[in-house]
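Undergrad: From TrEMBL, here are the annotated features:
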DOMAIN    1-291  domain 'ABC transmembrane type-1'
TRANSMEM  50-73  transmembrane segment
TRANSMEM  124-144  transmembrane segment
TRANSMEM  150-169  transmembrane segment
TRANSMEM  227-251  transmembrane segment
TRANSMEM  257-277  transmembrane segment
DOMAIN    327-544  domain 'ABC transporter'
Amino acid sequence: MKLFRILLQAAWPTVAGAAFAGLLNGGSTAGLIALINATLQGTPSLQPLLPWGFIVLGGLLLLTHFASQVLLVRAAQQAVYEMRLLLGRQILASPLRQLEAIGQPQLLATLTEDVDAVARSFSVLPNLFNAVAIVCGCLIYMGWLSPPLFFALVALIGIGAGSYMVLAGKARQFLEQARSEQDRLFQHFRSLTEGVKELKLNRRRRLAFLHQELEPTAQQTRQQNQLGYMVFAIAASWGQLLLFVTIGFFLFTLPHLLGATPTVLSGYVLTIIYLMLPMQQVIDAIPIFSRASVALKKVESLQLSLEEPQQDPDASADFMPLSWQRLRLENIRHQYRGTHEDEPVTFTLGPLSLKAEAGELIFIVGGNGSGKSTLAKIITGLYVPDQGEIWVDDHCLTPNDYEWYRQHFSAVFSDFYLFDRLLGLDSPDRLAVVPYYLDKLRLSHKVRLEGNRFSTTSLSQGERKRLGLLMAYLDDRPAYLFDEWAADQDPVFRDIFYRQLLPELKAQGKTVFVISHDDRYFDVADQLLKLDYGQLVQHTCRNQ
Ligand SMILES: Nc1ncnc2c1ncn2[C@@H]1O[C@H](COP(=O)(O)OP(=O)(O)OP(=O)(O)O)[C@@H](O)[C@H]1O
């Protein structure tokens with residue numbers, strides 16, 4: 001049902017047009033069968049009209065079949081298009097913590113496998129819809145021919161459909177298990193692509209990865225899918241057997257019991273034989289719809305939806321960043337909860353407070369795992385803290401303000417992503433300064449701006465980070481955050497970063513947060529915050 005709701009939401013007028021054409025198609029099919037039956041029975045009064053009727057009904061059948069197919073293909077493609085965009089928007093609107101908890105492999109599996117499964121089900125819809133229309137038209141014709149035989153037929157169809165659904169339910173369970181294995185498969189694909197160097201360098205590790213990780217999961221996925229589709233095949237064969245039993249019943253048993261005339265009998269057998277193809281199409285479509293409904297369930301389990309558009313956060317709020325005088329974090333606390341080998345594991349940052357003025361350089365320092373990046377995500381508004389308040393001048397942030405608040409920051413995180421083009425930066429003024437910054441960051445001999453795209457991003461890690469810094473400069477936000485930016489720079493450029501670039505940003509009135517292990521440069525900082533196991537253990541201000 002949800003699949004149809006998605007389709008209706010995307011393009012209900014087109015679906016309504018297709019439904020109308022489908023109904024006409026079913027009607028003309030039934031009419032054509034009635035006409036063929038009448039011709040075969042040689043009803044004298046109708047003979048002169050039959051050839052004309054045949055031409056008209058045949059023409060109508062072809063036309064309505066074509067119209068309903070074309071309209072449904074359009075509606076289905078529109079639904080797939082909207083579904084992809086909706087999922088993209090929802091992922092972008094979801095809290096970062098939620099996305100981190102889901103994990104990259106699961107998101108990728110959903111964006112590819114699940115969206116594909118739903119798209120595949122939409123692609124068989126036109127044929128299915130036609131088949132259902134023909135079945136309905138034929139049933140109406142058979143009901144008109146003989147009500148007692150019609151009820152006998154409906155009872156047989158009911159038994160067939162009921163037993164088919166029991167088997168289909170079992171098959172669906174196997175498909176669900178196969179889908180769970182697919183998440184693990186994507187996890188392995190990630191290891192394969194991101195760990196390719198490590199796997200290439202060590203043969204034993206590579207073989208262990210192939211035989212102990214990839215192979216068993218791929219095998220499990222294959223087995224569960226195989227079982228699922230095999231049960232569907234058994235169900236389909238059972239359905240076909242029932243169809244033959246039904247024809248046999250109508251030929252040899254029921255007419256004697258219910259006293260049907262030869263016209264009625266031949267009409268029934270002709271219609272049932274004609275129905276075999278559309279029935280087969282319906283039966284073939286059921287596994288595809290089952291897989292699609294497993295996909296929808298999976299998408300919903302990630303607290304995403306392909307159905308209900310959430311309010312688009314980009315639509316309403318005014319995102320113009322302000323310049324601020326002071327930023328305050330009061331009693332902020334954030335906790336990660338998880339399990340490791342069935343033991344609960346938590347990491348708690350805070351409670352901690354800090355103040356940052358415009359034009360201040362604030363260094364956040366501490367050992368590995370002390371919570372620096374977590375604090376950075378809270379400062380930039382990527383995490384909403386479990387407890388505490390963030391104040392921008394005299395305004396305390398409410399949950400609805402976070403989207404607006406984040407627009408005040410430009411950041412280069414340690415695991416930053418480098419876009420190869422300047423997205424969202426089309427003002428000629430901003431683009432004109434790019435060569436200046438490329439020069440300043442000593443990249444002009446390697447990278448050019450071509451239109452709004454960089455000529456290359458195949459650079460060393462240090463150079464990529466410089467390009468990331470250029471993007472941050474172009475954003476021109478009131479606040480900046482650099483997470484171990486200098487770690488990949490050579491000593492000369494590291495010196496330039498701490499002694500020249502950071503003071504320049506400060507002189508422009510920017511608030512700059514720097515996560516750093518470079519204690520040689522701590523003297524540059526106006527404030528130094530030291531974290532240890534999530535607690536603020538040292539807070540030094542230059543003016544104190
Ligand atoms: N997404 C997450 N889910 C669960 N726990 C996390 C997550 N990210 C970090 N942690 C936990 O929080 C702790 C602090 O991590 P964080 O990345 O903030 O440290 P850090 O000080 O930036 O470390 P480093 O200097 O190594 O980058 C870690 O010990 C880690 O166990």
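Every residue, even glycine, has its Cβ placed from backbone N, Cα and C.
All TrEMBL annotations are machine predictions without curation.
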Undergrad: Looking only at the recorded stretches 124-144, 227-251, 257-277, which one has the largest tally of CB-CB distances under 8 Å to the transmembrane segment (150-169)?
TA: 227-251
Undergrad: Where else in the chain does the transmembrane segment (257-277) make close Cβ contacts, counting only residues six or more beyond its ends and a cut-off under 8 Å?
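TA: Long-range Cβ neighbours of the transmembrane segment (257-277): 29, 33-34, 36-37, 40-41, 131, 134-135, 138, 141-142, 145-146, 148-149, 152-153, 243, 246-247, 250-251.
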Undergrad: Is the transmembrane segment (124-144) packed against any residues at least 6 beyond its ends, judged by a Cβ distance under 8 Å, and which are they?
TA: 7, 18-19, 22-23, 25-31, 33-34, 65, 68-69, 72-73, 76, 150, 153-154, 267-268, 271, 274-275, 277-279, 281-282, 284-285, 288
Undergrad: So what pLDDT does the domain 'ABC transporter' (327-544) average out to?
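TA: The answer is 89, the mean pLDDT of the model over that range.
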